[in-house]
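The structure appears right after this line, and notes come after that.
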Amino acid sequence: MTYTRGIMEPIKVGLLGFGTVGSGTFNVLHRNQEEISRRAGRGIKITQIAVRNPVKARQVLIDLPDTVELTSDFTAVVDNPSLEIIAEMIGGTDIARELVLRAIYSGKHIVTANKALLAIHGTEIFEAARSKGVIVAFEAAVAGGIPIIKVLRESLTANRIQYIAGIINGTTNFILSEMCERGLDFATALADAQRLGYAEADPAFDIEGIDAAHKATIMAAIAFGVPVQFERAYVEGITQLHAIDIRYAEELGYRIKLLGIVRRTTRGIELRVHPTLIPVKRLIANVEGAMNAVLVYGDAVGATLYYGQGAGAEPTASAVIADLVDITRLCMVNPSNRVPHLAFQPDRLESTPILPIDEVTSSYYLRLRVANQIGVLSDITRILATLGVSIDTLLQKKSEFFDEGRVSETIIILITRETLEKNINLVISRIEALSTVRSSVTRLRMEALN
Ligand code: NDP
Ligand code: HSE
């Protein structure tokens, strides 16, 4: 039997927001429209763009075709009956949520790059979309240009996924690389990331680990078939990270990365973001700048690694447009035959608990300053032994604190074997109570990823 496809009108898209991602999407779609429509089977046209200041946007977009209308009326775009897709490129969880829900209830498909929105309001949004039979596509929400959502939802569908560990925030990886390789200070590196369009509108979301936790939350839901539960994620950013620990980690053969980790265990799911020491010989430890990388371990496939630009206008546009093409191809398909939003059938999501950080198992890097006197080390090792925590490496470094020409304090670095976080908390509080210990204990988690 031969199938023929009639000539179809282009599918019309309304764009909400015209910043880094919105303008990148417009430009790439415009530049590659011929190639994209050959793939989609139909043209894809942005016909209306909502911006707060159309005059300013018009000045930037000198080549904007007359067929594209700029308006400051966001609801008029959402309500426009000639549009089939609304691409939400505003960000945040207030106006974006209102507009996305309104668009869904008026029967429009959604493309969004907004991980905050989905990590926090995903359950409500996916339920609304299901009730209206529309698609909510969000490839750009996790790891920018890397098609990790497609991988987790479709390509690895045969697998029971065991864990995902990812460098999923370009801004913080860029900052860590610039500090490490070029010796830049934190503030300068952050300002560069903002200038290059990597950072969130409020960069605290990046540096405090919140953005990575939004993304990890979405990946956990898709990987394990559980609802999005951002409120249960453990989140620690890079603002408390000391340059000295980056240096000591390197000396010990490790690199520090802000990792998003989701792992299936017999007791529940780990969902956490924090600076992590990774052996420098792992590929993922060598991902620098704004690049992202996501390591996914499936029981059948084993370890797989996905690498690419995690932020920026055109890499993100690449993911947004992939979603536009998917919707163009799939909008005529019966909704029950589409890939479910969170990969698992909505009535088959499970309520596996997300483990509190106290119940997470890890190995640890501990750094502290102690008096340079006999017996200190044995006091510390006794505490560890009493609590059943094994030491893998113990290193003593010269401290810069001098007492009448003699070194009076020493820096101790300990690397432990795996133990529960609540055990290491006890270890730390007992060590800090020793009279010979002269500083609080700096603790960093470690992942072997082997
Ligand atoms: P920008 O700040 O560059 O652009 C946001 C756009 O939305 C601007 O046009 C802005 O208008 C408009 N906007 C912001 N707030 C409002 C509001 N309250 N009402 C109406 N319009 C508003 O952000 P990005 O393009 O970087 O990010 C957009 C989304 O994409 C976010 O969800 C972000 O997390 C996500 N994302 C970003 C990536 C990146 O590399 N930048 C990568 C992946 C995802 P105005 O110009 O007037 O301020
Ligand atoms: N601010 C985000 C980052 C943008 O730096 O990764 C991409 O999601």
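Including glycine, each Cβ sits where the backbone N, Cα and C put it.
According to TrEMBL, the protein has these features:
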- LEU16, GLY17, PHE18, GLY19, THR20, VAL21, GLY22, SER23: NADP(+) binding site (BINDING)
- LYS115: NADPH binding site (BINDING)
- GLU200: L-homoserine binding site (BINDING)
- LYS215: active site, proton donor (ACT_SITE)
- 365-446: domain 'ACT' (DOMAIN)
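When the Cα of GLU200 (L-homoserine binding site) is compared against those of the recorded positions LEU16, VAL21, LYS215, the shortest separation belongs to VAL21.
The separation of LYS215 (active site, proton donor) from GLY19 (NADP(+) binding site), Cα to Cα, is 20 Å. Distance between Cα atoms for PHE18 (NADP(+) binding site) and LYS115 (NADPH binding site): 17 Å, as a whole number.
Counting neighbouring Cβ atoms within 10 Å of each of the binding-site residues (LEU16, VAL21), the lowest count belongs to LEU16. Among the recorded positions GLY19, VAL21, GLU200, LYS215, residues whose Cβ is positioned under 6 Å from ligand 2 are identified as GLU200. Within the set of recorded positions LEU16, SER23, LYS215, no residue has a CB atom less than 6 Å from any atom of ligand 1. DSSP assignment over the domain 'ACT' (365-446) gives 23 helix, 35 strand, 24 coil. When the Cα atoms are compared, GLY17 (NADP(+) binding site) and LYS115 (NADPH binding site) turn out to be 15 Å apart.
Comparing VAL21 (NADP(+) binding site) with the residue listed as 'NADPH binding site', their Cα atoms are 13 Å apart once rounded. Taking the mean position of the Cβ atoms of LEU16, GLY17, PHE18, GLY19, THR20, VAL21, GLY22, SER23 as the NADP(+) site, the remaining same-chain residues with a Cβ inside 8 Å of that point are LEU15, GLY24, THR25, MET89, ILE90. PHE18 (NADP(+) binding site) carries neither a helix nor a strand DSSP state and counts as coil.
Under DSSP, SER23 (NADP(+) binding site) is assigned to a helix (H, G or I) in the three-state scheme.
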